[in-house]
Amino acid sequence: MQQDCIFCKIAKKEVPVQPVYEDEQIIAFPDINPAAPVHVLVIPKKHIANLLEITPEDRALAGHIMTVIPQVAARLGVAEDGFRVVINTKDNGGQTVHHLHCHILGGRFMTWPPG
Ligand code: 5GP
Ligand code: ZN
C-alpha cells in the first residue's frame, strides 16, 4: 500500500468501486472518465508503480492479469467485436495514476495510431 495512491485505496476498499472482476490479487472496475462505451481498469492489488517496476517475482501476477483480461472482456461483452488493452507508462506514455493498470477499451471502433 502506497500512501495517497488512489488505486491502492480502491484495492483496499477505502474508496468504493463497482468491481467487474475481483480475486485475491486483482481488481477490475470502470474508469471514472470513460474514453469508450466500455472502459475498465484492471489493476494488481499490490502497488507496482508502472510496467518498469515489474520484477521477476511478479511474473505469475503479470501472467494472471493477462489471463484475466480476456475473461473480463468477455464478461463486458466486447470480446466478440474486439477491444484494446493499453498500459500507459510514465509521462510520455500518458500515465497519470502511478499504480500499474491495464485499460480495457471497447464498444466502438478504435483508430490507430492513438494521438
Ligand atoms: P492513465 O492515464 O494513468 O493511464 O489512466 C488513469 C485512469 O484512471 C484514467 O483513465 C482516469 O480516468 C482513471 N481514474 C483516475 N482516478 C480514478 C478514480 O478515482 N476512480 C476510477 N474508477 N478511475 C480513476
Ligand atoms: Zn498503489
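Glycine is treated like the rest: Cβ placed from N, Cα and C.
Look at TrEMBL and you will find 6-115 tagged as domain 'HIT'.
Summarising the annotation, TrEMBL assigns motif 'Histidine triad motif' to 99-103. Residues of the same chain lying 6 or more positions beyond the ends of the motif 'Histidine triad motif' (99-103) and with a Cβ under 8 Å from any Cβ of it are 2, 5-8, 31, 35, 39-44, 47-51, 53-54, 65, 69, 84-88.
The local packing around His101 (active site, tele-AMP-histidine intermediate), expressed as other Cβ atoms within 10 Å of its Cβ over all shown chains, amounts to 23. Residues or ranges marked as active site, tele-AMP-histidine intermediate by TrEMBL: His101.
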